[in-house]
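Peer 1: Structure incoming, see below.
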Amino acid sequence: MEHFDASLSTYFRAWLGPRDTRVEGWFLLDNYVPTLVCSILYLLIVWLGPKYMKTRQPFSCRGILVVYNLGLTLLSLYMFCELVTGVWEGQYNFFCQGTRSGGEADMKIIRVLWWYYFSKLIEFMDTFFFILRKNNHQITVLHVYHHASMLNIWWFVMNWVPCGHSYFGATLNSFIHVLMYSYYGLSSIPSMRPYLWWKKYITQGQLLQFVLTIIQTSCGVIWPCTFPLGWLYFQIGYMISLITLFTNFYIQTYNKKGVSRRREHQKDHQNGSVAAVNGHISSFSSLENNVKPRKQRKD
């Protein structure tokens, strides 16, 4: 394993140049193997987990979901506030910011972005909860691609460009995650579900953050500074891939759902009656995805 890690380090050094010495010795950053192993295990669980749960009752996970989503909401809020204040203190340039031009504020940004990297490991739990609750329809290509890639990308970011122009996407994403995980946390509480009408606007916000990130990253290409251009080109390409996948998700989830509901409504009127609707919601996920409710385990 040490030989493998040394070979990887040599390859990365030849490909990307020397690492940023400010993160030497930081947890999970010294070598790539732990991040790679976590990613492989994640993909194995995504593959094998639904097979294991196929003949088993889904878990409720309600209590732990409330705590989990509250924790990620607070962590995202902390990261957003720290990044905003760090950028202000370092007088960061919106158009392009090098990795060694912000003074003491750079170290503040680096510390917060390490938490951002680590949060991507924590967010693997999103998928594991889907598996335990047998919400396999939510384990999409977009979901797995986004979760698996972000952890790996941010390992490289933290080792080579841990501050400077790297701050912008993480700041926007932290803000979106405050909204997203607060929504998920509230949706775990049955009495709150009738008031959660703003789910699709979170997806719109995610698409907006990708567009804004491309615009801000492009500024660094048009008006370059000491921040490496290769990282900026990669960021733009990655954002385009996410926009493509998220746009497809939005169309599949909301536009087609609206067309389907209108057709059902027209069909009911043509038959001379309107379908009756239950006076209560038995399962939030069933309502959202038109899935028959399943009996859940209490553990």
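Every residue gets a Cβ built from N, Cα and C, even glycine.
According to Swiss-Prot:
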- Met1: N-acetylmethionine (MOD_RES)
- 26-46: transmembrane segment (TRANSMEM)
- 64-84: transmembrane segment (TRANSMEM)
- 112-132: transmembrane segment (TRANSMEM)
- 139-158: transmembrane segment (TRANSMEM)
- 168-187: transmembrane segment (TRANSMEM)
- 205-225: transmembrane segment (TRANSMEM)
- 226-246: transmembrane segment (TRANSMEM)
- Ser285: phosphoserine (MOD_RES)
Peer 1: Cβ under 8 Å to the transmembrane segment (168-187), counting only same-chain residues 6 or more beyond its ends: which ones?
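Peer 2: Sequence-distant neighbours of the transmembrane segment (168-187): 65-66, 68-70, 72-73, 76-77, 79-80, 83-84, 87, 112-113, 116, 193, 195-196, 198-199, 202, 205-206, 209, 212-213, 216-217, 235, 239, 284.
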Peer 1: For the transmembrane segment (139-158) and the transmembrane segment (64-84), does the number of C-beta pairs under 8 Å, pairs 6 or more apart in sequence, reach 3 or more?
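Peer 2: No, the stretches stay apart by this measure.
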Peer 1: Which stretch from 64-84, 112-132, 205-225 shares the most C-beta pairs under 8 Å with the transmembrane segment (26-46)?
Peer 2: 112-132
Peer 1: What else in the chain is close to the transmembrane segment (226-246), if you only count residues 6 or more beyond its ends and a Cβ gap under 8 Å?
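Peer 2: Cβ under 8 Å, 6 or more out: 96-101, 141-142, 145-146, 149, 153, 157, 160-161, 164-166, 169, 203, 206-207, 210-211, 213-214, 217-218, 220.
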Peer 1: Please report, as numbers and ranges, the same-chain residues at least 6 past the borders of the transmembrane segment (112-132) whose CB is under 8 Å from any CB of it.
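Peer 2: Cβ under 8 Å, 6 or more out: 23, 26-29, 38, 42, 45-46, 49-50, 53, 58-59, 61, 65, 68, 72, 75-76, 78-79, 82-83, 86, 138-139, 143-144, 147, 150-151, 154-155, 157-158, 162-163, 166-167, 170, 173-174.
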Peer 1: Take the transmembrane segment (64-84) and find every residue of the same chain, 6 or more past its ends, with a Cβ under 8 Å from one of its Cβ atoms.
Peer 2: 108-109, 112-113, 115-116, 119, 122-123, 125, 129, 167, 170-171, 174-175, 177-178, 181-182, 184-185, 188-189
